[in-house]
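Peer 1: Before we start, here is the structure in question, set down as structure tokens.
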Amino acid sequence: MGGGVTERLPEGSSEPLLPTKRDGEFAGASFAGAVFNLSTTIVGAGIMALPATMKVLGLAPGLVAIVLAALLTDASIELLVRSSRAAGAPSYGAVMGDAFGWWGRRLLQVCVVVNNIGVMIVYMIIIGDVLSGTSSGGEHHYGVLEGWFGPQWWNGRFFVLLVTTLVVFTPLACLKRVDSLSYTSAISVALAVVFVIITAGIAIVKLIKGQIPMPKLFPDVPNLASVWELFTAVPVLVTAYVCHYNVHPIHNELKDPSQIKPIVHTSLVLCSTVYITTSFFGYLLFGESTLSDVLANFDSNLGIPYSPMLNDAVRVSYAVHLMLVFPMIFHALRLNLDGLLFSSSSPLSSDNRRFSVMTAVLLLVIFLSANFIPSIWDAFQFTGATAAVCIAFIFPAAITLRDPHSIAKKWDKILSIFMIVLAIVSNVVAVYSDAYSMFHRKSSPSIA
């Protein structure tokens, strides 16, 4: 299931890349562990951009859009899993290969590599911003460590990210089995919930004190350009739920593989609840001042007692959350890149030298990129959203329409056409609108 995609099998073999429950020492992943792993894949940095989508769409359409995105994601995963079972495919890459041959598998692998590298560079940038501060906007925003100890050589961005990479990312990235990450995933989900509770608590306190104005319920659309701008929220909503590349490895390791459907449902309900709560209270708290990364709003006085302490709690809890999400995304990246480069080699999990070299090289590339390319946000708007929409909607729908095993019902095909049209049209408009905003030096609040 190679990170969901690239088990890279020898000819004629159907074995997945990773050790599965058939290994003597591994009895299989539990329901709870699988839910935490899938939820961790879903809830990443995208949650920070969701309050800004409320600013673009208005509160009512924005919350409805979050629910609709979850329903469409659930439908696309259902189509993907059903097609995988019919094909006997142990990974996303294998089912793409079954439907579209060599180029289908390769295209998926490229999309996962592009998406995941972009996501992890953004994670590392956010961690650096939170702990060491940032001057990318021209004005310096102090990081948590700077605020506590003042500027020191050891709390500079480069050194903090170096220590994080060596002490946190490297040990977790060296684990070969997805289920090994279930405990860190549980902590990660708990930290996301802590962030939501603190944000909601602050908003409720300010609401009771009458310090929060009435939020915008519906978008302002005075002209055609503002209509186009509404579509810039689409890539944020799409990337918020992308988890398809880890569905297969999680499915492979289950004690009872038939549980994958309730696991997906439970994860999507959990994540949708986190997303709706964050979007609602985040936008309520900051209103039209909501930034594209709402975490950046937590560096100023919130107008309530203990504001500095609460700011630090929010930022630190989410930085640690991203540290623990990182290995889940990295797991999929490594296996898909390995599938692209060494498609005819032995499984990655059985080649310790190749596993170690690929892990070290990828960590180095991501680390250097996060230090020297802080403007990755602009690139991520395009590459991340484009690759993510293919992984989440276009590819599962295309497999269903190709239907090599004649299992798709009429409704499946109608839904697939709807997904493809919606994904292509909305993302073309979103990319156009983002490009228009950039070239006309407008600030867009929907950067993912």
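The backbone N, Cα and C atoms fix where each Cβ goes, and this holds for glycine too.
Note that TrEMBL annotation is computational and uncurated.
Marked as transmembrane segment by TrEMBL: 26-50, 56-75, 107-126, 158-175, 187-208, 228-247, 268-286, 316-335, 355-373, 379-402, 414-433. Positions annotated as domain 'Amino acid transporter transmembrane' by TrEMBL: 29-433.
Mind mapping these onto the model and telling me what they sit next to?
Peer 2: Proximity of distant same-chain residues to the transmembrane segment (56-75), defined by a Cβ-Cβ separation under 8 Å and at least 6 residues beyond the stretch ends, is recorded for 50, 215-219, 229-230, 232-233, 237-238, 240-241, 243, 264-265, 268, 271-272, 275-276, 279-280, 283, 392-393, 415, 419, 422, 445-446.
Distant neighbours of the transmembrane segment (158-175): 124, 127-128, 131-132, 145, 181, 184, 323-324, 326-327, 330-331, 334, 356, 359, 363, 367, 370-371; these residues of the same chain sit at least 6 beyond its ends, with a Cβ under 8 Å from one of its Cβ atoms.
Proximity of distant same-chain residues to the transmembrane segment (187-208), defined by a Cβ-Cβ separation under 8 Å and at least 6 residues beyond the stretch ends, is recorded for 36, 39-40, 43, 47, 270, 274, 277-278, 281-282, 284-285, 302-304, 310, 313-314, 317-318, 320-321, 324-325.
With a threshold of 8 Å between CB atoms, the same-chain residues lying at least 6 positions outside the transmembrane segment (316-335) that come near it are 2-8, 17-18, 37, 40-41, 43-45, 48, 112-113, 116-117, 119-120, 123-124, 126-127, 130-131, 144, 164, 168-169, 172-173, 175, 178, 181, 184-185, 187-188, 191-192, 194-195, 198, 245-246, 249, 295, 348, 355, 358-359, 362-363.
Sequence-distant neighbours of the transmembrane segment (355-373) (same chain, 6+ residues past either end, Cβ-Cβ under 8 Å): 117, 120-121, 124-125, 128, 157-158, 161-162, 165, 169-170, 173-174, 176, 330, 333-334, 337-338, 348-349.
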Peer 1: Excluding the flanking five residues on each side, which residues at least 6 beyond the ends of the transmembrane segment (26-50) place their CB within less than 8 Å of a CB in that stretch?
Peer 2: 19-20, 66, 119, 122-123, 126, 177-179, 181-182, 185-186, 188-189, 192, 236-237, 239-243, 246-247, 250, 253-256, 259-260, 262-264, 266-268, 270-271, 274-275, 278-279, 282, 292-295, 318, 321-322, 324-325, 328-329, 446-448
